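According to TrEMBL, the protein carries these features:
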type: BINDING; residues: Gln112, Cys113, Gln114, Pro260, Tyr261, Gly262, Gly263, Met264, Glu265, Arg590, Met591, Lys592; note: peptide binding site
type: BINDING; residues: His289, His293, Glu315; note: Zn(2+) binding site
type: ACT_SITE; residues: Glu290; note: active site, proton acceptor
type: ACT_SITE; residues: Tyr420; note: active site, proton donor
type: DOMAIN; residues: 499-622; note: domain 'Peptidase M1 leukotriene A4 hydrolase/aminopeptidase C-terminal'
type: TRANSMEM; residues: 632-651; note: transmembrane segment
Amino acid sequence: MSGKPIKDVSSLSNSYQMLEDGVDQVCLDTRDLNISKTKIDGKDQKFLLDAPNEAFGSCLKIRVPQELQQNGKRFKAEVHYSTSQSSTACQASNSHVSSALRCKKKPYLFTQCQAIHARSLLPCQDCPSAKCTWSGAQPQVLLMSFFSPVIRFSAVMSAPSWATVLMSAILENKSEQAQKRVFTWRQSVPTCSYLIAIAVGDLESREISSRCRVWSEPSMVDKVANEFAETEKFLTTAESITCEYQWGRYDLLCLPPSFPYGGMENPCLTFVTPTLLAGDRSLADVVAHEIAHRHLRWTGNLVTNATWEHFWLNEGWTVWLERRIMMRVRGSKAGPKGQARELKYKNVLREGQEIPSTLTSSLILDGSTWLETSSTSKVLQSYMTREVTTETEIGQSRFTKLVPDLQGIDPDDAFSSVPYEKGFNLLYSVQQKVGDEEFEKFVKDYINTWKSKLITSLQFKDFVMNYSAHFKKKLQDFDWDRWFYAEGMPADKPKFDTTLSKLANDFAHRWTTAGAGADLIRLKSVGQYMLDQILENSEKQKMPIAVLQDMDAVYEISITNNAEVRFRWCTLCLRSGADFIVQNAVSMGRMKFTRPLYRELQRRKNVNFYHPICRKMVAQDLKVKQNNKQGWSWLGVSAVTISAYLVWAVWRIRSRKCPIPFVH
């Protein structure tokens, strides 16, 4: 809990059955685990831990005795181990980095195992194709039974009396023992190793419905409950589109700001970032994403990509379903067949009118057309274009393929918006060709056919093309190979209605061309789409700082709770050299925001503002070469030095000091 190694975490007992003769070892994935001993059927057995691979860790090989190397033989392999400080799956926070730096008194621990970090939490087969179930057994022991292809193990965890333990499973039992609380968990639905999740801290909950509950630290729990009050509605809507929810409970845990993702679809317990706490539920579409995603465990958890090369089959489907959920919940009043009958936001960008908060996340369906709001179409094409451009600039254009070759590559290195948005575009292109009604019928059949199974891109293609004569006829010219294997943006983009984007574009243009003090019509709120358009324009011409200050006076963006808007505002200000934004720019731990913001910080040239001694010391900290005329040569900053700065910043926070290099 304090960031030190977790001693004597467990003995992990695995039951095996030989499926062929001559198998002489058990192989498990590990990374930075301290293996103390291994046993076969209760007897000490020699083991070998391979030299570590930078991306994949070390293979643990347990020798199988000769007499057990026969088809049909059963035996138990036991591993005694503990985690280490280097565990990439675990983050143990001291009090002052939890609850958004609100001086909490108790520590906090949570895990994040996607994509291949479960191996740093426990020895396992750490790939999407290995799934497991578990149920309660002996306290203090983590027992696992391997019956290929499904693993079964039990999870019993103890914690201090003040702490609550949560897991991606159903709670079977909770008891008090010797000033400790003991929790026993059960998961009966086969689950991938990357979806094993644990959180421990001073946590409280609020009920949303009979199957939905939110968790967070006590100071935030009511705010979290209000923000995610629509969770049951999202869940019910997703069931109407797909099938009955398979996982029993759907709880949400709002984590500390250092959580690197928007959400994580761990079974029964979705992890979400506090950057979603906008105060008006405008960013709750991430919950719809996690429900759709893996969380309704339909696309990802229930139907799973066979390997990480086919990650788009998780995320592209999830984005499609997320937007379908938001369309039905937010977008319109449904007609007799579910068509949109009343468009709520048609004129929201008319002069002098307020932009509803839901404009930042909604999709509206009008007949067979997605009516674009700020979260779709051109804005997402623009966002994906920036991602594609960045990957190309750093020599990683191969990761812009929908199905990249990840042989020997850490899946984290390929993470971007490409599988999300390019995957969605593929699915929506298919939908447009076959028709809405046919496609929605296909969705249910696809999930029912492939649930609890693994699927590849080629298997998906075959399933689509053989689904019906109608599908085969409408998709006879569909270029699957180009969608799967071509780099860059998709060639065949779906058509969207741009009514709303044109209105927002007009306001973006007026701000971009305005001078300081210009008399502009003042909307009461700002949509992220308008900021995206301004950002696109700022690539060619920076906005004067005085205009940015006028914009802030109009919209009060610098104090908004909407993290999506704040992220775009920080980017815009950094591009214009506005030093007042730096503190906000480094305050978000979500990778979606952190990575592009640090790229903008890297490009900054106006460092001569700082004292020469300060410039020298910061240059040393970041190992950046100085140029006497221009200050720092930011082109010398590598990913390694930026990572070093992040580590240094965490140390500063833990020491209760400011993480900004230029502030004492």
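Note that Cβ sites are derived from N, Cα and C of the backbone, with glycine treated the same way.
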I need the CA-to-CA distance for Gln112 (peptide binding site) versus Glu315 (Zn(2+) binding site), whole Å please.
17
Please identify, from the recorded positions Tyr261, Tyr420, the residue with the sparsest Cβ neighbourhood, meaning fewest other Cβ atoms within 10 angstroms.
Tyr261
In Å, rounded, how far does the Cα of Gly263 (peptide binding site) sit from the Cα of the residue listed as 'active site, proton donor'?
14
Across all protein chains in the structure, which of the binding-site residues Gln112, Gln114 has the highest Cβ count within 10 Å?
Gln114
As a whole number of Å, the Cα atom of Gln114 (peptide binding site) is distant from the Cα atom of Glu315 (Zn(2+) binding site) by 13
What's the CA-CA gap between Glu315 (Zn(2+) binding site) and Tyr420 (active site, proton donor) in angstrom, rounded?
5
Fewest neighbouring Cβ atoms within 10 Å among the binding-site residues Gly263, Glu265, Glu315, Met591 goes to Met591
Roughly how many Å lie between the Cα atoms of Tyr261 (peptide binding site) and Tyr420 (active site, proton donor), rounded to a whole value?
14
About how far apart, in whole Å, are the alpha carbons (Cα) of Glu265 (peptide binding site) and Tyr420 (active site, proton donor)?
15
If you measure Tyr420 (active site, proton donor) to Met591 (peptide binding site) at Cα, how many Å is it?
15
